[in-house]
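**Student:** Below you will find the structure I want to go over with you.
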Ligand SMILES: *[C@@H]1O[C@H](CO)[C@@H](O)[C@H](O)[C@H]1NC(C)=O
Ligand SMILES: *[C@@H]1O[C@H](CO)[C@@H](O)[C@H](O)[C@H]1NC(C)=O
């Protein structure tokens, strides 16, 4: 192998490391990206329009429903570094602690109140909570653990979240820990708890579901910040 190709391989690896550490959307060299299968001359207003963010969100009012408009649902967002989600929180439902590895999130409440929380791992796991009223906005910085909770017994809460990525990604901590094949012994030790508790948490998370049910997730959501704080866990994005 000539020296040049090994040094360019080194550069490539370095570049890959820098890009993944940044975990931001790549810049595009055109104003927008026409999908491979689309005819560029056929691009019109409809290409830049997405109609299902709100209409797609008429789910079960007793649950948490998250409707996304990322580049997967709305291809015109590819390369634009923005996306949206619409959230409808049934009474008593929680969006369990999670991170978005590639984007900050700017949430605006359109029907409050909604309790939100943010975990500051760099400050010993301090949890910043706030009860947001209709019209209030809250920012969840990129890669930080956060959650939302409708602490009402009878009314729905609604919010929209804007993201600084066309593909923010979501890693739900309860699911990542207890709905994957991490060995029980490792979870027991990591959580500093016993097999019975780990079994219960796994039971709560099974089967994995994109819109977790309120009761099971509430148990895990309540336990996790405590466990993580005790164990001084920090979460690294992908
Ligand atoms: C975190 O906890 C350690 C040990 O108790 C303490 O020394 C440190 O000042 C704390 N840091 C912050 C930012 O609160
Ligand atoms: C939810 O509301 C109840 C009743 O007002 C209150 O006791 C509880 O502390 C609230 N929970 C949170 C997490 O704020």
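A Cβ is built for glycine as well, from the same backbone N, Cα and C atoms used for every other residue.
What TrEMBL records for this protein is below:
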BINDING   95, 100, 105  oxalate binding site
BINDING   98, 100, 105, 146  Mn(2+) binding site
DOMAIN    51-199  domain 'Cupin type-1'
REGION    196-219  region 'Disordered'
SIGNAL    1-23  signal peptide
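What's the neighbourhood like for each of these?
**Tutor:** Reduced to three states, the DSSP call for residue 100 (oxalate binding site) is coil.
Secondary structure at residue 146 (Mn(2+) binding site), as computed by DSSP, is strand. Long-range neighbours of residue 146 (Mn(2+) binding site) (same chain, six or more residues apart, CB within less than 8 Å of its CB): 97, 98, 99, 105, 116, 117, 118, 119, 140.
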**Student:** DSSP says what for the domain 'Cupin type-1' (51-199): how many helix, strand, coil residues?
**Tutor:** 29 helix, 57 strand, 63 coil
**Student:** For the Mn(2+) site given as 98, 100, 105, 146, which other residues of the same chain have their Cβ within 8 Å of the site's Cβ centre?
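**Tutor:** Apart from the listed residues, the neighbours are 99, 140, 144, 145, 168, 170.
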**Student:** Please list, in sequence order, every residue of the chain apart from 95, 100, 105 whose Cβ lies within 8 Å of the Cβ centroid of the oxalate site.
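**Tutor:** Neighbours within 8 Å of the Cβ centroid, excluding 95, 100, 105: 85, 98, 99, 107, 140, 146, 148, 161, 163, 168, 170.
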**Student:** Quick check on the binding-site residues: of 98, 100, whose CB has the lowest count of neighbouring CB atoms inside 10 Å?
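**Tutor:** Candidates: the binding-site residues 98, 100. Fewest Cβ atoms within 10 Å: 98.
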